[in-house]
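Here's what TrEMBL has on this protein:
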- 70-108: domain 'Sphingolipid delta4-desaturase N-terminal' (DOMAIN)
- 107-127: transmembrane segment (TRANSMEM)
- 133-156: transmembrane segment (TRANSMEM)
- 168-187: transmembrane segment (TRANSMEM)
- 223-239: transmembrane segment (TRANSMEM)
- 251-269: transmembrane segment (TRANSMEM)
Amino acid sequence: MGTATAATPTGIDTTTTGLRSRVKAAKDEAAGAATTTTPLLSEDAAEHVTGEADPRHPLYLGDWARSIPHVHDDIAMDDLDEPHIKRKHAILDAHPDIKQLYGYEPLTKYVALAAASAQFALAYYFGRINTDSTWLFLLTIYVVGASFTQVFGVIIHEATHNLCGETLAINRAVGLLANAGIPVPIFSSFRRYHLEHHAYQGVIGRDPDLPLDWEVKLIKSNPLAKFTFLFFYPLMYVVRGAAQQKRPSAWEIYNVIFSVLVDIVVVRTCGWRGLGYLFFSLWFGYGVHPAAAHFIQEHFTFDDGQETYSYYGCLNYLFMNIGYHNEHHDFTKVAWSKLPSIRAIAPEFYNTLGYHTSWVMVHVRFIFNKEVGPQSRVGRDYEDHKRGRKMVVEKKKNACATAAAVAVAGGSIE
């Protein structure tokens, strides 16, 4: 099928047959199956890592069932916090060397400069030189311009996590440079709301990435409606941001001014057709484009119990590993260039999760599978989020108390 597959212990990709079977298999491996090379943590280790034992250990998959259009009226609901912070602790307990991957990627700013230069060169070419070839114009927009737009989006994402340079100023500069190739102000608003998404993943009223009520009720499983949803997906960033009803920050205002000035320069230099090239590159790049499938791939629930998915296909090479979404959420301090190394170091955690191998099939499955739609998400109440997070806090307190007791006794922690 090409989507939502998991690696068996022998390394063969198979279509998902349900996360619970894979969790059981992972725990069987941890018990000492011969095919396992790096066992998962024991239940005792889980309590050591998380303080209070979390029943979802070690993969932190929930026991909720996914929401299905025309069967359920709303998104699925979980009763604990999102899985990533605890899975990070579990992975670090088994593979502490992953911390060596932390840090920014110096290459990113040069990628941003090269991509922006190429995009503006194409805007000038179609705006001032080749003004007659409509089909070449449209083909270049979809194949090249939209792809550059996705690269800009990845760089903006990296800058949001301060992974483009040593200082906040450098990251803001790189983020604005990438935003220059997109004719609307995105960077500062994305930075604001995306960090909230990480802090409150799935929390109702706090995660701006969750679908709005009208998305769930209007679209359901109708293929035409879902295609329209994808086509107009660029607007969802604006609509969902506006639904938060927050006053623009100073940097969001600066970003608007910056984008307006860039657009004026583009019109004066490349003409309105050049600006149109940038605009439609954005529209298709964030809409019906293979790389735009990562918006669906990341958190749309294709199976019970799992709310985040990675993509392990060849397009990661072109789009800066944006498909490695479980790895990114688990380790937000690791830059795009090193995300594959996380999976390579800890395959027992990632190969037993559901994942995608084709972005095209993600879109196809989203459009034509009646069991998938905008409501294919999972949410949680803030109180449940806090209850889950309390386990992490208690773990830290217990660890500090244990360390202090050992220090007083003159011993050492096993």
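Positions of Cβ are set from backbone N, Cα and C atoms, glycine also.
For the transmembrane segment (251-269), the most Cβ-contacting stretch among 107-127, 133-156, 168-187, 223-239 is 168-187 (pairs under 8 Å).
Mean pLDDT of the predicted structure over the domain 'Sphingolipid delta4-desaturase N-terminal' (70-108): 97.
Counting same-chain residues at least six beyond the ends of the transmembrane segment (133-156), those with a Cβ under 8 angstroms from any Cβ of the stretch are 108, 111-112, 115-116, 118-119, 122, 126, 164, 174-175, 177-179, 181-182, 186-187, 190-191, 273, 277-278, 280-282, 284-286, 289, 291-292, 318-320, 322, 336. Helix first, then strand, then coil: DSSP counts for the domain 'Sphingolipid delta4-desaturase N-terminal' (70-108) stand at 18 helix, 5 strand, 16 coil.
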